[in-house]
Amino acid sequence: MRSIKVTKVSTIHDGHAERIWCACWSPCGTALATCSSDCTIKIWRCKQDMAKIFQRYDCTSDGAVVTPPAEEVALEWECVQTIEGDQKRSIRCVSWSPDGRSLASSSFDRTVAVYKLIGDYFEAHTTLEGYENEVKWVDWSVDCKTLATCSRDKNIWMWVEDEDGDWNCESVLTGHTQDVKQVRFHPSQEFIISASYDNTVRCWIYDGDELYNECTVSNHTSTVWSIATSSDVRTSPLSITVLVVSIFFSSVCTQKKSTR
């Protein structure tokens, strides 16, 4: 495996008053959304033109990344919007929609807030309610019409936006035996992946409009906190925080396929 050198180019020191739980890049890569225990979401933009800064650095013929010295790419960030007042407890996750025109945030107050971009700023659109426990994570589908959320209730809720812009819970996925820490849509394939306090990762496959648990991966011996998916359409490796496990679901699911 080729090693990659990572260079820290900036740190945002001021902004949130309490712990930051999540940071999410905008789809275009020029802005960040962060959320915190201070019950706010902040939108940050880089003061410099990042495209011009990084276009001077490229990959070598063998695919290695040419890493610029940190002092050459020191980035400065400014907060361009603070969103507050919609959620009353720690905001655990903020997720940018793939088209860049919406945000969704999950909170310990058992709600999910959805925001729409109006002009240059995000405005509150709706609040999704129904949970009896804190909502850990929220993620957008590629078409921006579905949200997946997970909670301490051990389940995954699937929310769909109708033609009037209203969101409704269309299904609840059960199977995990402990808190579901994170859920993600695959960026190019028709499935979602969830990580749990029960030490497992589950793959949920679409069969028409329904999702079912295609396979369960139990390689971890403790809580799986985070998952990330490759956009490679041929394979779907999972990168797990702390312990990195590369799994090709096509082969794993053949061995561990569950009954519908």
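Glycine too: its Cβ is placed from the backbone N, Cα and C atoms.
Per TrEMBL, the feature repeat 'WD' maps to 13-44 (among others). In this model, the repeat 'WD' (13-44) carries an average pLDDT of 91.
Here TrEMBL flags 84-117 (among others) as repeat 'WD'.
Listed by sequence, the residues of this chain that lie at least six past the ends of the repeat 'WD' (128-159) yet keep a Cβ under 8 A from its Cβ atoms are 89, 92-93, 95-99, 101-102, 104-114, 167-174, 176-185, 187-188, 192, 194, 196, 204, 211. The repeat 'WD' annotation in TrEMBL covers 128-159 (among others).
Break the repeat 'WD' (173-204) down by DSSP state and the numbers are 0 helix, 17 strand, 15 coil. Residues or ranges marked as repeat 'WD' by TrEMBL: 173-204 (among others).
The helix, strand and coil residue counts that DSSP assigns across the repeat 'WD' (13-44) are 0 helix, 17 strand, 15 coil.
Long-range contacts of the repeat 'WD' (173-204) within the same chain: residues 98, 136-137, 139-142, 146, 148-152, 154-158, 211-229, 231-233, 236, 238, 240, 247, 249, 253, each at least 6 residues beyond the stretch ends and with a Cβ under 8 Å from a Cβ of the stretch.
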